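Participant: Pasting a structure below so you can have a look.
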Amino acid sequence: MPSSFLKQYAGGLSQVATMMIVSGVFFIFVFTAVFFLLRIWLRRRSKIFYDSSGKKKRPSFAFFHPYCNAGGGGERVLWVAVRSIQRRYPNVQCVIYTGDVDATPDEILARASQRFNIFLPSRVEFVFLRCRGWVEASKYPYFTLLGQSIGSVFLGLEALYQFVPDAYIDTMGYAFTLPLFRYLGGSLVACYVHYPTISTDMLDRVTQRVAAHNNASFISSSPVLSRLKIFYYQLFAYLYGVAGNRANVIMVNSTWTYNHIISLWGVPGKTHILYPPCDISEFMKIPLDSDEEKSKQILSLGQFRPEKDHPLQIRSFSRFVKSLDEKAGSTYKLVLAGSCRNEEDQRRVESLHALARELGVDHLVDFRLNIPFSELKQLLAESLVSLHTMWNEHFGICVVEGMAAGTVMLAHDSGGPKMDIVVTHNDRPTGFLASDEESFAAAMKQIFQMSPSERLALRQNARDSLSRFSEEEFDAAFLSLCRPVLKFLST
């Protein structure tokens, strides 16, 4: 081949390479410029809140909690965290991003005080989000995790468009909003993780082809679909880790959650266990006397969500009462108390009613929906057993509350209850653990067969073990762990 042709060819390649480099540099320059201009524009157009004297309140600390009016354990963490900030930094503007557009700020705060007995020392601002439907699981019958995560980015963009905070904390598990607020909003970011969006347990279930509420039977029965779902989960887990480890501070609610987040996000140096605040002070006021006068009542506390597995509770209770003679069985009662967030939850309750009728125990099962704190406390005082059946519950605030109130706890043998709560104390048990319909029913029978003095000793030991879950412990640890994010607030 002539040398002149080779030189010409090499020169052409050099020109192409040069053009590609120049184009790449130009693209990076334009992207960076647009990014920073957008960041400046967002901050300049951001909503400004004023105090009662008409002065602009700064700095700001924003909580991302689209369901702040739901009344569950995650909401208790939110309100106690807000109160902690307000008490320590009274000059700080606390803001909550919420999708509860059907409620006014006063109604939201009234529900927090009614449900949790929490009263804030100063005003909190609300930024109402109209696009909350984008994070609803019902919107994505397939690829739910990916759909909700992409939806959370749109919801986060709506939040940023309305208000850009100095510091931001996600308290509901929307990890994909963290890089959004850190890089586009220029905020310091933190997160409190109640439950990893994806976990190695979920991957194991798909690998083992186990049907569950998040692994449909038509997928678990198909080798091809199961392999595709494993690939999808692995890809999602990688993206989830990339987004999550953008946080400056990562707090998790239990040992179980910590193990999964460390595995997925890979930043142990800034990941810390912070047990959620449990209202043990109020429940511990319930007298811990002999339970001879208590009714034979089993109480379940928890939102009516599929993962709480209320059907397992009804089936276990049915098996238990049917193991007794008819007269004895009719003296027991199961109460399911919790919050209903939407129509989907309401339909779930209706299906539970139907299940109780089908099993012939509907006259022994009572439902209490969206009850106030005073009624919840009264139910705990009346009940002898507290029941919690969620598999791999991330923590289990209701489990702690039940033990603090002096009930005998019967929880699922997994997750937070197994690792952190229903553990031995003073070398003695603090409750019972079970894993399926048969073992739950057997545990119920064992509890009621114990003598009152045996149950009293168990209940007392359980109550003695709970000091590490108090609101005071949470306050101190939350402020300490958030110091890298909060340190500028005192300046």
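Cβ coordinates come from backbone N, Cα and C, glycine included.
So TrEMBL has the following annotated:
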type: DOMAIN; residues: 61-265; note: domain 'ALG11 mannosyltransferase N-terminal'
type: DOMAIN; residues: 292-464; note: domain 'Glycosyl transferase family 1'
type: TRANSMEM; residues: 20-42; note: transmembrane segment
type: TRANSMEM; residues: 140-161; note: transmembrane segment
type: TRANSMEM; residues: 173-195; note: transmembrane segment
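Distances, neighbours, how buried they are, the whole picture for these features please.
Facilitator: Summed and averaged per residue, pLDDT over the domain 'Glycosyl transferase family 1' (292-464) gives 93.
Long-range neighbours of the transmembrane segment (140-161) within the same chain, counting only residues 6 or more positions beyond its ends whose Cβ lies under 8 Å from a Cβ of the stretch, are 42, 62, 64, 66, 97, 99, 127, 129-134, 174-177, 180-181, 184-185, 197-198, 214, 232-233, 236, 239-240.
If one looks beyond the transmembrane segment (173-195) by at least 6 residues along the same chain, the residues whose Cβ comes under 8 Å of a Cβ in the stretch are 35, 38-39, 42-43, 62, 64, 66, 73-74, 77, 81, 135, 149-150, 152-153, 155-157, 159-160, 164-167, 239-240, 243-244, 246-253, 257, 261, 274, 276, 394-395, 482, 484-485, 488.
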